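**Student:** Here you go, one structure.
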Amino acid sequence: MDLETRIYQNHVKKESWRTVLTLAYQSLGVVYGDLSTSPLYVYKSTFAEDIEHSESNEEIYGVLSFVFWTLTLVPLLKYVFIVLKADDNGEGGTFALYSLLCRHARVSSLPSCQLADEELSTYKKNMTGPAPSNFGSSLKSTLESHRVLQKCLLVLALVGACMVIGDGVLTPAISVFSAVSGIELAMSKEHHKYVEVPVACIILIGLFALQHYGTHRVGFLFAPVVIVWLLCISAIGLYNIFHWNPHVYQALSPYYMYKFLKKTQRGGWMSLGGILLCITGSEAMFADLGHFSQLSIKIAFTSVVYPSLILAYMGQAAYLSRHHVIENDYRIGFYVSVPEKLRWPVLAIAILAAVVGSQAIITGTFSIIKQCSALGCFPRVKIVHTSSKIHGQIYIPEINWILMLLCLAVTIGFRDTKRMGNASGLAVITVMLVTTCLMSLVIVLCWNQSVFLAIGFVFFFGTIEALYFSASLIKFLEGAWVPIALAFIFMVVMYVWHYGTLKKYESEVQNKVSVDWLLSLGHSLGIVRVRGIGLIHTELVSGIPAVFSHFVTNLPAFHQVLVFLCIKSVPVPHVKHEERFLVGHIGPREYRIYRCIVRYGYRDAHKDDVEFEKDLVCSIAEFIRTGKPGSNGLDEDLTKEDEKMTVVGTPSTHAKGIQVCEDNTYNADSASTSELREIPSPPAIQPRKRVRFFIPESPQINTGALEELRELMEAREAGVAYILGHSYVKAKQGSSLLKKFVINIGYDFLRRNCRAPTYALSVPHVSTLEVGMVYHWEDALTRGGLDSLKNVSRIIVNDVVFITPFTVASRRILTKTSFPDTGLLPEIADLRFEQVLSLIVSFIPFFRFLDICITG
């Protein structure tokens, strides 16, 4: 028996190492594509104008020393050995750090947080570490009690996210442009300048135009391309070292950094903006942690990427140390150190590697925008999952075309690696500074380590990054203004959307209906209860939305079973399926009113799942069967609804309270077995599966619960109606001009031009009721502009005006709002390719004009 156990353990260990090595191999194509292509433009950007390459070799040795120690300290020491440990349930990135801080210090920006969310397995804090220090406890109390500090923390995270988006614009431009620049060695400079930009633009257009197909079809080629590229630059580096200067390794001494700065002085300091580009893409090791593992990323970097990059930079330095006279400044680039017979094959490999690196940053940009949207910090966009098997492969049409427009504008507007490098370097180092600041808080608040360790971390790495940041920022007029401008625009969009969403939720909370009002209506709610289930979508996690009182007042009948459905995000990367549904009663059991909260993490996929409706019904049935507290009679305190919610796992076909089976037939005599069949929608709308529910004979279910289950099944058989709400918020008349501009213009513009709210189910149009509501924030009712409306049913409840001009159609009630979402801009995702090209042509002159105005 011991021998069998030992064999099994060895097999598991072998399989585990096989998995780790497989992930390490795959990470080379996804994580390190951007970092591995940096040798294409580091030396060229460094020696652009600020310093000259002299015969003493002090400049080239100093640059090599800076490159070596920067690669050693930042990607290797900081990210591989420290930052990767700060994962959020296996996920990484700026929002993973922010999510950790939100849970440990309770500073979440999500307004719908509940105490029940803290019981999630992915939410629970690490209790095995040391006890919090006095400083950590005081810092936590300070953050929790000061709203200003919480906003500063959110702004810091948003700055990092905005710079990642800016990097998604700049990295494809500089990577592809630098790869194509190898053509310069095959033709004169006069002819080369007319070929380089068009070829780079064609590659970029093709790259973005193919995004909607996803990367799963060609993703298996990414790792081989990067591996071939790393082997290529390593071999060329070794050749240049042994052929031109075997003693170039002496430049690895930090003494050459001192000599470099002493000789070049201000010019050497400004050239650090070019040296900085050697760590472009390092943040991807942490951002893409969720797709791989810590060990696989460490193995790939330390065993393949790091030594290959060091050999490549040493080889270029060895070649330049023996070639001091450079006829043209642009010939100091990467390709001049490549043997002449190998330049065309290397050029082809470099272009492929640049495309792979660009693809990684584009995918990362899609991912960060999805996270921002899930946390309520970015307008709703269309998210397309390009692969049903590989998690995280998404495509956002609107963002894709915007990135392409900006990327082409940068390429055509700058036409220079130096200025692109200045812009890209500032974006990269800003993200790293944000990570350093957030990591220092994680060390104290999450890891419960000494404050001196956090100060040492900030001082050591913050000093290095601040040095590079200052060198990049001083080149504001030479291209560094681009990431600042992009970050400012995206920052304004994010903060306006977050502010408007928060105020809208606060208005809904202030105007919700009390439970006492519901109880005063009686179990029939004062109206006729007809067969069926009514799903009322709301953002409230407690209380009764004000729209429900509007229904009761204006509609003569309502469904016998009502479900207030809230689909919300929680500050964790993923929510397990068995913890997703939170179900509870509203009022006594005979009211047949339930609340169901469906929780998703900021990395979970929100798909239109036809199984959602089935899971929802089964979750309610399982809640009824278990008979949790709060389901019998009147409760002593009906205001504490959060305490009565019960976590119900995602139902399976072998649930005890209700069983589900699927078939393609319909038996009219099956009603006697208390079965419920899902009637398929018309084929023109969406074909759906036939699902049959039935309650098995079980002595464990009491009579009251059994009757409630049968009524739920009967209501489900009659059909489900979906009530979707559209709420709007307006600033009060006495508000400041800034608040009016933010709410009435900025937020309203974003609301009208973003996607509609996404729900986790396919809503049939034949059973949809949409209601528009206008909230006048912090104000008594403002009547201006409303009196002109005709045939409008108006109800005023606590300074809220409900506007519902009903239009009744056969089998459908569709409520049109007085402020229809017609949109001021066309859907970018639906533009044809020629329309996108026309937008590019019209946008480039403006970009050139803006660049001329800034640079003078």
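Backbone N, Cα and C define each Cβ position, glycine as well.
Note that TrEMBL annotation is computational and uncurated.
The model shown is predicted, which means the values in this text are computed figures rather than measured ones.
According to TrEMBL:
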DOMAIN    23-519  domain 'K+ potassium transporter integral membrane'
DOMAIN    532-775  domain 'K+ potassium transporter C-terminal'
TRANSMEM  60-81  transmembrane segment
TRANSMEM  148-166  transmembrane segment
TRANSMEM  220-242  transmembrane segment
TRANSMEM  267-287  transmembrane segment
TRANSMEM  299-321  transmembrane segment
TRANSMEM  342-362  transmembrane segment
TRANSMEM  394-414  transmembrane segment
TRANSMEM  426-445  transmembrane segment
TRANSMEM  451-469  transmembrane segment
TRANSMEM  481-500  transmembrane segment
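Each of the listed features needs to be described in terms of its position in the shown structure.
**Tutor:** Same-chain residues lying 6+ beyond the ends of the transmembrane segment (220-242) with a Cβ under 8 Å from its Cβ atoms: 25-30, 32-33, 36-37, 39, 248-249, 304-305, 307-309, 311-316, 318-319, 337-339, 342, 346, 349-350, 352-353, 356, 359.
Within its own chain, the transmembrane segment (267-287) has Cβ neighbours under 8 Å at 31-36, 38-39, 41-48, 50-51, 59, 62-63, 66-67, 70-71, 74-75, 79-80, 83-84, 92-94, 96, 164, 171, 260-261, 297, 301, 309, 313, 357, 360-361, 364, 367-368, 418, 421-422, 424-426, 428-429, 431-432, 435, 467-468, 470-472, 474-475, 480, counting only residues six or more beyond its boundaries.
Counting residues 6+ beyond its ends, the transmembrane segment (299-321) has Cβ neighbours under 8 Å at 20-21, 24-25, 27-28, 31-32, 35-36, 38-39, 42-43, 53, 57, 60-61, 63-64, 67-68, 71, 75-76, 80, 227, 230-231, 233-234, 236-241, 243-246, 248-249, 251, 278, 285, 332, 334, 336-337 in the same chain.
With a threshold of 8 Å between CB atoms, the same-chain residues lying at least 6 positions outside the transmembrane segment (451-469) that come near it are 70, 73-74, 78, 82, 133, 135-136, 272-273, 275-276, 425-426, 429-430, 432-433, 436-437, 439-441, 443-444.
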**Student:** Sort out for me which stretch, of 60-81, 342-362, 394-414, 426-445, 481-500, has the most Cβ pairs below 8 angstroms to the transmembrane segment (148-166).
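**Tutor:** By Cβ pairs under 8 Å, 481-500 leads among 60-81, 342-362, 394-414, 426-445, 481-500.
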**Student:** Under 8 Å for C-beta pairs, could you tell me which stretch among 60-81, 342-362, 394-414, 481-500 has the largest tally with the transmembrane segment (426-445)?
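**Tutor:** The stretch with the most close Cβ contacts to the transmembrane segment (426-445) is 481-500.
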**Student:** Do you know the mean pLDDT across the domain 'K+ potassium transporter C-terminal' (532-775)?
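**Tutor:** Here the mean pLDDT over the domain 'K+ potassium transporter C-terminal' (532-775) amounts to 69.
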